[in-house]
Amino acid sequence: MSILNPRPGRTSTSGLERAVDEALLSEAVIDDGDLGGRRANLRAAVGTLARKPGFVLALVFTIFVVLTAFVPSWFAGHDPYATSPSDRLLSPSLSHPFGTDEIGRDLWSRVVHGSALTIKATIIALAIAIVAGLTLGVVSGFFGGIVDALIMRAVDVLLAIPSLLFALAIVTALGFGTVPVAIAVGIGIIPGFARTTRAEVLRVKTLPYVEAARAGGASWLRVLVRHVLPNSWGPVAVLAVLDTGVAIIAIASLSFLGFGAAPPAAEWGTLISAGRNFLITAPWVPLLPGLFVAAVVLSLNHISKTFQELAR
Amino acid sequence: MTRYVLGRVAQAVGVLWAAYTVTFAVLYLLPSDPVALQLGAAGIETDKLSPSQLDAAMARYDLDRPVLEQYLTHLWNALHGDFGMSISKQVPVTDLLVDRIGATAALSLLAGTLSLIGGFALAYSASYLRWRPARLLLSRLPSVGASFPQFFVGLLLIQVFAFNLAWFPATGTDGFSSLVLPAVTISLLTSSVLAQVLMRSFDETLRQPYIVTARAKGLSRAAVQWKHAFRNAALPAMTILGVVVGLTVTSAIVTETVFSRNGIGKLAQEAVIAQDVPVVLAIVTFAAALFVVVNLVVDLLYPLLDPRIVHVQKVSR
Amino acid sequence: MTTPTPVETDSPLVTVADLHVGYVRRRRSVPAVAGIDLTIRSGEIVALVGESGSGKTTVANTLIGLLPDNATIGGGSVVVDGVEVVGAKERTLRSLRGSVVGLVPQDPMVGLNPTRRIGAQVAESVRLRGVSGPQVDAEVLELLDQAGIDDPALRARQYPHELSGGLRQRVLIAIALAGKPRLIIADEPTSALDVTVQSTILDHLERLVRDSGTSLLIITHDLAVAADRSDRVVVLQHGRIVEQGRPADILVRPAHEYTRRLIAAAPGLANGGRIVPHFDLAPSEVATPDPIIRLESVSKAYARPGGGDRFLALDDVTIEVARGRTHALVGESGSGKTTALRLALGLEQVTSGRVILDGTDITGLGWKQTRPLRRTIQLVHQNPYASLDPRFTIGQSIVEPLVSFKIGDRASRAARAAELLDQVSLPSSYRDRLPSELSGGQRQRVAIARALALSPELILLDEPVSALDVSVQEQILQLLTELQERLGLSYLFISHDLAVVAQVSHTVSVLNRGTVVESGSVAQVFGSPQSQYTHQLIDAIPGQRAEAAAHVEEVAHV
């Protein structure tokens, strides 16, 4: 084989798939009467998603959690800081869905108010990761050459340091609190983002329609904005949703380890960490908030996975 | 061949050096007042000291010299296995690491073994099963496993297997039985990650035309899966071994804290709480070294396992 | 070795009766095969011919029991060697595979397991037949030898990536033979290979099955290949059989309109196995004083990965395109034709030589300097499925060059888009559609419309019809010719298919390994080829044998 075909395999499909494609070829072409176009496509995609109960559930729950972060008072019946010595360590009930902690504070209200800190930290972390990661990835993939080599070497180095450990170093340097934790986690996600974005940009950049646009006289800027970016954001968006879950776990872990906001304010991780002393006597104190965090991450992962399958 | 190996080793050393340097920069340049941060870790409150006392304290921890000079000294010493003194504990960092490494190594080995077995078993059976509901269930498991925060998993395991069933001790560093719950906690995450990558790899491999060739020979599905799909699917997945090892190390931080095990992970947590900069630097460097070495080994082994890869200059990046 | 015993019995080896197969996608069942009846007798060679979507591959997959999971057999019966396949258990199907039905898959480049040695992969099939011990090695070597592989002992120890495509296809044939099946299904066995390799492999496969009395089912889109090799041709369209019979009968008296179209589109069949050029230029007309583009003694070298010698993709090549005419570049893969096109387009720079576009020397000019010239030269890409941005509507795609050059306003661009759609015979309602809602042929029309947007003088056509079905190819070539006449366009036409070239080109250059081996008018080069290589290419065009046979019969008949 010549050097012109450096990657054998991977491109061709099997006879089985070809048979399916053949059968569906006629389906891909719609009637002349149909209008088709973007809106119809979007409607079809929404229709497909709406028919997936798991996806709808995950989406509704995610929206609920985001709402709790911004208007916790809508969902919490009690003051999260109001102590009540007579109501210590009550097990879950109608008035206290998650029970109460060792000084009688309503745990559900504390979890809901904890959303505000944790979700905002997640948003900061993602904003850092997306802005820096996208910029690095696009610049690297689009311009190539020395710029690409330099950026990718830097990314390799960052990838060599496990992200939670790197976050620890940053927290050590910046001090404790919600914002340092958010920054630390955000920086830790940058390399993965940069890599995925770069790979997508590189993939789209070599597609025939980009070459066609160049041959049609389009400038590189136009090619980037009109062709490369719109066609490469899909996998990047999937990763962003997935990384939201990763960021939530990382932020909760860091606050669990004791690096988050100072008491009495409590992020999800802090709540669980404080509750673990009561594991024997009142297991719901650490476990129910933990389950809540898991449900949030699970929802995000499911949304991400559904998008991924839809794109295929 | 030799040239390739040497080049690859040099690259690994370069990455490790850069990782050390970046971490050093974060710890020594990022804080607004590095002196107060470090002396604070030693229990000294800088604003209560007289200027001469402050100078003496700074001299004691080598903080009075320019950062670049400090960096070169630290780097030189680190190359000789000396990471300086722990500020909060007043013991050489290297001694601390040596003291704690056994517990973490044992935990990581068991967790690694469990996650390899779990990840492979899950991915293999998910791609082999024909019954759709079972297949769907298995393919969803990894993403569920990766969704549970490790501190939650740890606490849940303690509640069920230590408090309710009393099969294993809840905390501690004594003997094999104390290893089981933390190792399971870690491997739940790492095996999920491994299984996700393997499942994708199996899916991709089973779609390849040579699988059709194999089935057309009259081989059973089991034989096709084992003889033709397994190796081709497992090879690309090898490249994430470094990531899995890195994940195991970081998991040790949360897990050892939950289970009160005296390992490197708990040391890291204590060091950050105490803002003990030399210890943090040493642990981050250690983890980076582990990652770099694992990737190096995988890269050097890969061509021995995949006949298609021959050593040529890297032209793909 | 046991001697094969071709039993000529009345009961056929394969009987397909009223077979219906559909594929489920998005909760809808799309029919692929809609009521097919077919028989294959022992020792018979049957060819299943059809374009994409005809269901030919589905029939083959049903026979060997390898339908994908989302396929459902809606009804009918398939009996292979006395065993009912429809509704059969995997165990039953497996006992048929290899030992009764063997498969030669389509693409040899990916048909072999990359991480196992050739010998082991052939041995697997031999062992399934119950052979064991040292006998296995002996049979593997014999099979490889039978399949026409030199030095079988060496090849058996190699990995697939160390073999050429042709050799890999021979290995796959050896694997299919290893089970001593009664029927071999060859699924587009050579479409992925170069023409000259194609014919030798098909000859070899045909000889092997004829000698051993094995039945052969050839699945192909190419009626000419089918007619050359088979005892009986079965023509499929939309999952139904439209016609079947002996090749000689079908070629001379096609009963169905569709078959007639296929014959007309297959050059080897249409004109008595000869290539008849569409334009007949006298030798004196070939030279032209003022070509629209001229590549003058250009060479292009690429660095080999890993250093070492440089690789010459083009070596001192001179090509020119006369105004208002079509010049074709013909060659097999690796001949350098695509490199020549990229140089002409300015996507890459020459290593030596000159590129002269419309009288201007553009050698070594950067993108900015050549940008104004870009209006005179446009490209139509090979693969219409990838050359349109999936997020752009058809209208946006067509006017994109206008937007890039800041020509006109919204209204004038819309008007131009309508005009262009009309020129390529697409309804103007297609403007708001997305590429995924168009067929391959329609997409290629859109790509042509986009290339026309700037009213260029020269269009580079990179295998513009090779990804399309034969009958669609015909329409696109027709469109290109019409546009040339109406707009006075010049084309540089890249193709591996001599017949297609003959239909649209005035002049041609034959490329082989980076050098021009022959050039001149199409009539002259194809009519009386001077070089050995051009001879080979012309001889490899399928359909000539069947056409000759049909011709002989016709004469005898009269």
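Note that the numbers count up from 1, one per residue, in the order the chain is shown.
Just so you know, glycine gets a Cβ as well, placed from its N, Cα and C.
As annotated by TrEMBL, domain 'ABC transmembrane type-1' applies to B:101-302.
What TrEMBL lists as transmembrane segment is B:12-30 (among others). Sequence-remote contacts of a segment are chain residues at least 6 beyond its ends whose Cβ falls under 8 Å from one of its Cβ atoms, and for the transmembrane segment (B:12-30) they are 67, 70-71, 74-75, 78, 277, 280-281, 284-285, 288-289, 292-293, 295-296.
Annotation source TrEMBL lists transmembrane segment at B:101-124 (among others).
The transmembrane segment feature in TrEMBL is assigned to B:144-167 (among others).
Look at TrEMBL and you will find B:179-199 (among others) tagged as transmembrane segment.
The list of residues near the transmembrane segment (B:235-259) in space but at least 6 beyond its ends in sequence, with Cβ under 8 angstroms from a Cβ of it, reads 103-104, 107-108, 111-112, 115, 150-151, 154-155, 158, 170-172, 178, 181-182, 185-186, 189-190, 193-194, 197-198, 201, 265-266, 268-269, 287, 290-292, 294-295, 298, 301-302, 305-306. Residues or ranges marked as transmembrane segment by TrEMBL: B:235-259 (among others).
Annotation comment: TrEMBL describes B:279-305 (among others) as transmembrane segment. Within the chain carrying the transmembrane segment (B:279-305), a Cβ under 8 angstroms from the stretch's Cβ atoms is held by residues 5, 8-9, 12, 15-16, 19-20, 23-24, 27, 74, 78, 83-84, 86-89, 93-94, 96-97, 231, 235, 238-239, 241-242, 245-246, 249-250, 264, 267-268, 271-272, 311, all 6 or more beyond its ends.
Fewer than three CB pairs closer than 8 A are found between the transmembrane segment (B:144-167) and the transmembrane segment (B:101-124), and contact between the two stretches is not assigned (pairs 6 or more residues apart).
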